[in-house]
Amino acid sequence: MLPSTIQTLTLFLTSGGVLLSLYVSASLSYLLYSDILLKFSPKITAPTMTLDCTNASNVQAVNRSATKEMTFLLPEPEWTYPRLSCQGSTFQKALLISPHRFGEARGNSAPLIIREPFIACGPKECKHFALTHYAAQPGGYYNGTREDRNKLRHLISVKLGKIPTVENSIFHMAAWSGSACHDGREWTYIGVDGPDSNALIKIKYGEAYTDTYHSYANNILRTQESACNCIGGDCYLMITDGSASGISKCRFLKIREGRIIKEIFPTGRVEHTEECTCGFASNKTIECACRDNNYTAKRPFVKLNVETDTAEIRLMCTETYLDTPRPDDGSITGPCESNGDKGRGGIKGGFVHQRMASKIGRWYSRTMSKTERMGMELYVKYDGDPWTDSDALDPSGVMVSIKEPGWYSFGFEIKDKKCDVPCIGIEMVHDGGKKTWHSAATAIYCLMGSGQLLWDTVTGVDMAL
């Protein structure tokens, strides 16, 4: 279907000369597309005109002005596909969004109290998403802001680089779990809320609420807390439903223009998979590094074939264990599928691909502390298979020191003109406990240049102020 973006070029021809008038209606954002359809419709008008003549009594003058209208219909933008990554061999500190450095502001300029931030990008812009408690700091509604789920939480966004304040934020839907992605034409927003025993996934495409998906295990249906992934108009979303301390089997929803068109049921090691961070390894395969909150400190690793719409899960085999809490690296014996110990509890992990012509890099993040959500390091592994490679990952630098909070982390890609820039974001939580506000900053590191990762990030926030 063609969009409403129309350009009308009207050429008025008169005996006194040529008047060219260009009318542009709606948006010019799609001018980069070259296919143009032309439609001509003739119009005839007869304006009055005075003529000078020496013998005017014997002359009757008639003027005709002919109008030709040309209507330019611009086609819709293209669906997005993964491209090769932009050049680079290291990540560097790109951006810090620390809203509560502005905590003295009040009213519409006050920063929202948020958690679970993530970033998703379309062809023209990136959005910084989060789940708010419908409260700001300073304010009088701090009670309950440490809760994961309640009736006040909403999925919000700002343009990346903006501070998520009351006036800057767009409230998309009521939600205590969320995701979002851009298919090249429009945004898809995902929100989950409702009672633990009967939660509901809601889908919004652009400004329209388009579809829902009901709980299948009646135990906190939830989604990934990071961007879903789109290719050729199809967007893939990871969901799970089940006990945080037991079985929680994930599924993938295939969504097109805001409507669910298929459910995908992974095979393999499916006991517990949640909070997946996913991205494209190629035009054929989505890969996800996920969280097992009950059985192991290894990350469940998903491979989803978008040509066959099939998915399989196995544990990562590397001796660098990526969850928190975790045992000492290399201490788990036995085959790759061995769970090991210290598997209770967990944290969402950052993961992003570096797609190159001759090889692929997989970048991961994990906390510096083995037991606490403190600090964040970056790791990389080129080529190989995460299911079978037992070698250690290569450390690539400290993004957050062990003295600073490092909670959830996630991956995303910024779209340059001809390539994609892989990035990792880190949630740095201000944990005020149950007696005061509980919110987060976001640190962002992206692939750029060469050398070594140079500097870590601090929030600069003192909750006692």
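Including glycine, each Cβ sits where the backbone N, Cα and C put it.
As recorded in Swiss-Prot:
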{"type": "BINDING", "residues": "Asp292, Asp323", "note": "Ca(2+) binding site"}
{"type": "CARBOHYD", "residues": "Asn55", "note": "N-linked glycosylation site"}
{"type": "CARBOHYD", "residues": "Asn63", "note": "N-linked glycosylation site"}
{"type": "CARBOHYD", "residues": "Asn143", "note": "N-linked glycosylation site"}
{"type": "CARBOHYD", "residues": "Asn283", "note": "N-linked glycosylation site"}
{"type": "CARBOHYD", "residues": "Asn294", "note": "N-linked glycosylation site"}
{"type": "TOPO_DOM", "residues": "1-11", "note": "topological domain 'Intravirion'"}
{"type": "TOPO_DOM", "residues": "35-465", "note": "topological domain 'Virion surface'"}
{"type": "TRANSMEM", "residues": "12-34", "note": "transmembrane segment"}
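Shown on the structure are the features that Swiss-Prot records.
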| residue | record | contacts (Cβ under 8 Å, 6+ apart) |
| --- | --- | --- |
| Asn143 | N-linked glycosylation site | Lys434 |
| Asn283 | N-linked glycosylation site | Tyr81, Pro82, Ile231, Val306 |
| Asp292 | Ca(2+) binding site | Glu271, His272, Thr273, Glu274, Lys298, Arg299, Pro300, Leu315, Asp323, Gly343, Gly346 |
| Asn294 | N-linked glycosylation site | Ser243, Ala244, Ser245, Gly246, Ser248, Glu271, His272, Gly343, Arg344 |
Asp323 (Ca(2+) binding site), number of other Cβ atoms within 10 Å: 26
Three-class DSSP secondary structure - Asn294 (N-linked glycosylation site): coil
Confidence summary for the topological domain 'Virion surface' (35-465), mean pLDDT rounded: 93
Where Asn143 (N-linked glycosylation site) sits in the secondary structure, as DSSP reduces it to three classes: coil
